[in-house]
Amino acid sequence: SGLVLVKNPHLDLMEEDVLYHLDLGTKTHNLPAMFGDIKFVCVGGSPNRMRAFAQFMQRELGLAAAGEDVADICAGSDRYAMYRAGPVLSISHGMGIPSISIMLHELIKLLHHAKCRDVTIIRIGTSGGLGIEAGSVVITDTAVDSSFQPRFEQVVLDDVVVRSTELDKDLAEELLACSRDIPDFPTLIGHTMCTYDFYEGQGRLDGALCSFSSEKKLEYLRRAYEAGVRNIEMESSAFAALCGLCGLKGESCRLHLL
């Protein structure tokens, strides 16, 4: 049916579902009226970037009057920022798996309560590239962990639950085809490695702690490249797992800066 799924039987027993970190709720807001026609959701780490993206979409869709700004729908919360441009939502998610996971749980419930159909969600942002030209855009086909395996391990109570991290391959190919109209940004499809840390987890030598040599780092990165990894970041595995389980057509596109 194209509806966004939630797999939580407890929600049906709740008198009200409060989306606490988004400052929204099923009793305080008419979610179908506010969001029922949303077709695209773009998420990224920085509130300022997502505000700029929403302004860009307003101009592209011909919705912006001269000097008109976009309003933060989540202004009552200091956790995330959310903007709307027609059928497009633009939402920040902070840094790392815990932050994006909280936002996605509440976003997915929001889309479910709003009765949205056939929603496409795209993660946009920056990453560290691996063996590719600076300024390249990596479209993720599969998110992998630090052992280069396509899995997301979530601890639930005292169980370790393993979830798939494959993203929508048709959407990846569609985005790659679109990229041919933008020659300034070399674009490719590849694996994205998701880590739990910016410094040690990504093999950086400049953190407060470092227990490995530069030679060991380079040997690890060579193995990652041989396994198909083309960029490294901190959100893709949770993003892929949640989107796949809840029926969202999802993809991650990351710009390699350095």
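Along the chain as shown, the residues are counted starting at 1.
Even glycines carry a Cβ here, placed using N, Cα and C.
According to TrEMBL, the domain 'Nucleoside phosphorylase' annotation covers 39-249. Feature annotation from TrEMBL assigns phosphate binding site to R79, R123, I124, G125, T126. If you look up TrEMBL, you'll see Q202, R204 marked as substrate binding site.
Location within the structure of each feature annotated in TrEMBL.
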residue : record                 : Cβ contacts under 8 Å, 6 or more apart
R79     : phosphate binding site : H21, L22, G94, I102, M103
R123    : phosphate binding site : C42, V43, G44, E235, S236, F239, G250, E251, S252, C253, R254
I124    : phosphate binding site : C42, V43, G44, F53, C253, R254
G125    : phosphate binding site : G44, G45, S46, R49, E233, E235, R254, L255
Q202    : substrate binding site : G128, T195, I232
R204    : substrate binding site : F198, C210
